[in-house]
Ligand code: IPD
Ligand code: CA
Ligand code: CA
């Protein structure tokens, strides 16, 4: 992997920010005005004109500033060579189900992977006007002020978050057992419906940990950088290095990482649930 100076990373971070803000403005414009909500295939996996137009806005920004980079966009798929060192992983609207119901928990997520490693991320929640930014070695911010993960080191005092993928009706590996197990062991487990914001909330210390399966790189690329730059830890469930394509992620304030990993690996099966 080629080395990047802080100045180069800062330029990429500013591009990510410009793209996220442009898409965020579109999400605000469409708010409450959607004529149609389509299902993409799996039940509950929705797409709207807001997703599509926000993605076009992001692609425009990226094509203007970094035309030689590749892009993995939720609605358009892979754009450009898959051997490219630079890959932007973008989710124009993370939290589409919330958005379609006018539940204002949604965000734009723009991440840059360099040789497969998340290096830069911008997540913008237009409904709270919260902009989360991070680049490797440059720290993490919320509305331009530095953020840090929480100090909680006791699972019984923690507040966690998780989510349930669209294939949850098709598999027993649907995270229901994990959710119940950790609900018993903690002060609570939330389900926000926007993976990027779950990671941003761990990064800024509102939540102590997050795990989920069935995710795509565009859901988490930006948030991984945020959590790590805010002092947290991100791995696979078993503590091994995160594989961005595996769909599974464990992100914590670092203090809870081992405990949470141990619990995720020994979840008792749920009985009586089909
Ligand atoms: C979804 C959200 C949700 C998570 C799903 C994702 P979308 O993204 O991040 O929190 O549980 O797995 O697919 O479809 O709203 O962009
Ligand atoms: Ca998403
Ligand atoms: Ca999306």
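The count begins at 1 with the first shown residue.
Cβ coordinates come from backbone N, Cα and C, glycine included.
In the three-state DSSP reading, residue 94 (Mg(2+) 1 binding site) counts as strand. If you look up TrEMBL, you'll see 74, 91, 94, 219 marked as Mg(2+) 1 binding site.
TrEMBL lists 93 with the feature Mg(2+) 2 binding site. Here the Cβ of residue 93 (Mg(2+) 2 binding site) has 29 other Cβ atoms within 10 Å, regardless of which shown protein chain they belong to.
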*Which one of these binding-site residues, 74, 91, 94, 219, has the sparsest Cβ neighbourhood, judged by other Cβ atoms within 10 angstroms?*
74
*Report, in whole Å, the straight Cα-to-Cα distance of residue 93 (Mg(2+) 2 binding site) from residue 219 (Mg(2+) 1 binding site).*
10
*Determine which residues of the same chain, besides 74, 91, 94, 219, have their CB within 8 A of the center of the CB atoms at the recorded Mg(2+) 1 site, and list them by sequence.*
90, 92, 93, 109, 195, 196, 216, 218
